[in-house]
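J.: According to TrEMBL, the feature active site, proton donor maps to B:330. Under the heading disulfide bond, TrEMBL lists B:65-B:111, B:284-B:335, B:512-B:529. The feature domain 'Beta-hexosaminidase eukaryotic type N-terminal' is assigned by TrEMBL to B:30-152. Per TrEMBL, domain 'Glycoside hydrolase family 20 catalytic' is recorded for B:174-493. The signal peptide annotation in TrEMBL covers B:1-29.
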């Protein structure tokens, strides 16, 4: 910028005036989700993109060259100054103000810039914004990402386009370590950009786990190295409706850069119709009378080849997905087909299961949970597995999805010593008229009868966006800002965030901020945003994505 | 194209394809279903290089007809999206393109006019080897025929274009097939409106009901009263429709055979009007003093009527359609009741305590203004309900849930035309799979005392997308493809289209076609389209 040097005298007087005005304007921007401790003053500083910079603190373990933070600095600069990056320098501003430098100094205690976030990652941070500077301190780079997000939400513009930030002190950390969002790419294929865009918006809401329900009955879009026929024959289309290995790597890296874990789900033994197309012999042949009917049921748990196949597949999954968790599904297994099959019945008899097919399902699930354990991975399974057979490996994480009486389920599971994820009240693929975010907001994940020890076993929750009626055309407006309600419940102090009416203006403002960042977030109620969704962001974003990767 | 000249042995591949097609039998549907449609398994292949639209010799419209010239260009791109994007070289290796000519003949000119309530939208389309003949009375009918034609063309897995031999005789069941957008509760950027008009044309909707102002904001920039949007819009520069925006909407609609009917809803739903027009709204009282808040338009003073007259004069000038929607719904009487001047006026007029008489008095006055301007008024059913013996002719729009057929019966019995919107409130975000609830609506199912005359008074229906929870972020997926269900109900023969299960595969295919045309239409159920929405 050739201009930066030419103004040297008219120091600060304009900014001072602004500070005086600010006393009665008192525009203070919220942060969503609400930080654990937040103190804001009416004193504000003006920021100029030309004199704004991120830097690593001297005592920081991470320094220039830290992939995660270097990229985050660039990203957040564009997010904080969208006008600057799109239109470049604002000439008018120069007539009035002498830009003052503003430096954001970031210090992390431990490095780990090239690692992946995991269940033990420390996401806490402190942020102190004062005149001309902000100091952000965290233990890990993931905490620094959360702090940068908060910082970006503190900056605002007045009607003349000038940027401001108020003096602020934040001490912040998540209430729950697992704050997930599920996308279903089997019922409808979601193009890569829709997934990447969702990861962006997740980071804005401090959600930190992408639960990738990647395959299911309708289609198998995951292109396996070991079993290419699974997608060749099981995807909606073998070339256009698949996730290649490089697609998956891109998703994982995009997520990593935002401090988001990617937990894949390979749901079995039910929900596997599409697997059968590329892996003959895997599914149970259903019988009508004494002959095969030609249709197939769940995975056949009675034959060795099934377990060999699952062992190979899970080995690949371990290799491809770095996260220490893997979701094994185990929900909604229909027993009718197993029951019809004479081999299965024979096996039941041999195993002494009697007529209890839940024992057969448990037998199968236990086998693959053991495989997973042998691969040093933690299994997540849907609640059905626990409901069928309460004694399952202790370190298995259980996910509650059934709507009714989830509090009772929380009690039972934690009493049995299991870690639990709550998803039941956050099935936001269900829609209704009006402000249904308030229902998500009212959820109290630890409000069940149990000891303090039990409550600690609730490791978090998950927003689920099942795909029966959702694809790239309506994903974003259905997710956002509705998912933000759960995001705040999972991050913030419940005591301070139980009143939805108080949250409403902050959420409204956050939704406008999402729009400005190009997220197609639907409105909460009548009104407007200064920067409405113009439908062009997506294009710009796509260009940016292709540039950065 | 360097390739075009190099192949000279004709026809080979096309013949091969015809043979194959006998066993493939891929026949493409048209949405909404034409009145008569006969398709054969014989198909011809189309090549963008040898495809053209032309005016028939006997056509009253010829080159230079603005509406059809533009439609030819538009539909060429719609039919051959690949060609306009990247062309298709592979195709040349296999086939010698055959010419295909679509000849369009209209009986009457009128290329520079606007569609109106009497426009004849019927057309005949005959597709045979190497040609299609499209005949209609008006250019608007020709537009409907071109739309049907575009839906008949399909591509195989190798990208070749085909069309089956087809005969269509088609006309709409109802003349008024509307779609309401609400640009007051949320501002809709111009592009969102234009895109909606595009999709409306694909479904053969023909009326854009522009609920342009309401309580929350007044985005219409009036020539006569610029303060209405200066002070009543969400933002006086960024959240308004300028005169040129409005003209652009009207022209975009005209090119697609769509009428634009504006609604200036009063006396209720006018909070935003008050900001730029002091003295217009009724001051509410608390105890014996004004409370500082305002109610509906004040119907007791002359200045109100002078203002409304000027505004309606402007509306007539700006919006060419012969209809104007005057609203008249959901007037709360509490504020009127609190105001001593209004009470005095009620007494003077002998209305007693019946505020519905006051509302009727007001509505009658502005309907008379509209009539004097040679415009037909549409009003919401409330106006009729308050005063069932109408003194003038107006069109009633039925919006209240409950027994809407009872209301239709009453209105038609009183000799008034009626539009049905009640079962088509699409802003209620039900899952897409319940699209069928819009499909099974039966407008004419009110049986008691129904006469042929009464049936004719049912001029159509309207899909309503109210804006409480809808803006440009979610408008399109909430509208499409659910609105298509209503579109078929309003266009097609009811007898042939009552079974939603039979309609489903056609609607699924049409939804994929909408995606391909860039309309962000949400999915009906699990599955995929060959061309998914790519967001670009």
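Cβ atoms here come from the backbone N, Cα and C positions, even for glycine.
Please treat TrEMBL annotations as automatic predictions, because they have not gone through curation.
Show me how these features fit into the structure around them.
T.: If you take the C-beta of residue B:330 (active site, proton donor) and look for same-chain residues 6 or more apart in sequence within under 8 angstroms, you find B:268, B:269, B:380, B:382.
Taking the Cβ of residue B:65 (disulfide bond) as reference, residues of its chain lying under 8 Å away and at least six apart in sequence are, in sequence order, B:55, B:109, B:111, B:139.
In this view, residue B:335 (disulfide bond) is surrounded by 21 other Cβ atoms within 10 Å of its Cβ, with every protein chain counted.
All protein chains considered, the CB of residue B:512 (disulfide bond) has 21 other CB atoms within 10 Å. When secondary structure is read from DSSP and collapsed to three states, residue B:512 (disulfide bond) falls in the helix class.
Within the domain 'Beta-hexosaminidase eukaryotic type N-terminal' (B:30-152), the DSSP-based counts of helix, strand and coil residues read 41 helix, 35 strand, 47 coil.
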J.: What does DSSP assign residue B:335 (disulfide bond), in three states?
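T.: Helix, per DSSP.
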J.: Are there residues of the same chain, six or more positions away from residue B:529 (disulfide bond), whose CB falls under 8 angstroms from its CB, and which are they?
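T.: Listed in sequence order: B:511, B:512, B:515, B:516.
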J.: Count the Cβ atoms, other than its own, that fall within 10 Å of the Cβ of residue B:111 (disulfide bond), considering every protein chain shown.
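T.: By my count, 18.
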J.: Name, in the order they occur in the sequence, the residues of the same chain whose CB lies under 8 A from the CB of residue B:284 (disulfide bond) and which sit 6 or more residues away.
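T.: Once residues fewer than 6 apart are set aside, residue B:284 (disulfide bond) is near B:290, B:291, B:293, B:294, B:295, B:334, B:335, B:338, B:339.
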